[in-house]
Amino acid sequence: MEEKEFKSGFVALLGRPNVGKSTLMNYLVGQKVAITSNKPQTTRNRISGIYTSDKMQVVFVDTPGIFKPHSKLDDYMDKASLSSLNDVDLVLFMVEPEEIGKGDQYIANLLKEVKVPVFLVINKVDQIHPNKLLLIMDSYHKLEGFKEILPISATQGIGIEDLLNTINKYLPEGPQYYGADQITDRPEYFVVAELIREQILRLTSQEVPHATAVAVDQMNKHQNGKLLIEATIYVEKDGQKGIIIGKGGKMLKQIGINSRKEIEHLLGEKVNLRLWVKVQHNWRSDPSFLKQIGYDKKELS
């Protein structure tokens, strides 16, 4: 009996902030591995989500959105996005269903230098009239350089099957790199820290969310059978610390409640979550601190 062909490869998700890269990856792997919010720069690190079927295994690399850097952290995030193109088999350039803007034009120009196939993926098509979508697709066709132009909705699942089938056509034959039940290459503590940061993004406003970082200090079994997780939320100013803690500790308590629910859903077990808030002045422009909390710039040099 002839052995069934199996394909595998790495696919980078690229695009401006908040275009839906993390939402698409979470939909594809069937579980939250990348956090989402309506605020730009939600994703900071390269995160991989693993999709496995009987035909192929795809490692999707969700990158930070590309934008003009204003700090060491911003610079790190842009380099993380571009470095992800060095060792992938395909690039999915994600855009929203609107006329080509300067940001998308900038990224499209960068992608002309890429040696691997680039797909243009127009997300959020459930929010636009089909006739307008056709005009937008036509304007992107004129840019050239895209092997495929695919309309999808990452929230509604529209066009996802077609996207996966098209990816399969371009992937090389290869082995299954990860177990069928593995959905990310990141350790649990990384995803846990991201889930806590997601709740900060969702519950606080203005500059506070992007002035925060989360580090998991320990994950140990406790006597009561629950998993004990201790984490520190870092902010840049005393005033931000006050906002995170809230009046009478209410905000920090709500962050903890919401985070614990998400973490328990991820890990499938009861969790005792303890949170602390500390001030680390100008941490976003401190290379040694960035490295300490997981932003290792060596791999980007």
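Each Cβ is built from the backbone N, Cα and C atoms, and glycine gets one as well.
Residue environment of G15 (GTP binding site) contains 24 other Cβ atoms, counted within 10 Å of its Cβ in all protein chains. Feature annotation from Swiss-Prot assigns GTP binding site to 15-22, 62-66, 123-126; the stated evidence is sequence analysis.
Marked as domain 'Era-type G' by Swiss-Prot on the basis of sequence analysis: 7-173.
Averaged across the domain 'KH type-2' (204-281), pLDDT for the predicted model comes to 90. Swiss-Prot lists 204-281 with the feature domain 'KH type-2', giving sequence analysis as the kind of evidence.
Feature annotation from Swiss-Prot assigns region 'G1' to 15-22.
Annotation source Swiss-Prot lists region 'G2' at 41-45.
What Swiss-Prot lists as region 'G3' is 62-65, and the listing cites sequence analysis.
Here Swiss-Prot flags 123-126 as region 'G4'. Counting residues per DSSP class in helix, strand and coil order gives 2 helix, 0 strand, 2 coil for the region 'G4' (123-126).
In the three-state DSSP scheme, N18 (GTP binding site) falls into the coil class.
Of all the Cβ atoms in the protein chains shown, 31 others lie within 10 Å of the Cβ of K21 (GTP binding site).
Note: the domain 'KH type-2' (204-281) comprises 33 helix, 27 strand, 18 coil (DSSP; helix = H, G, I, strand = E, B).
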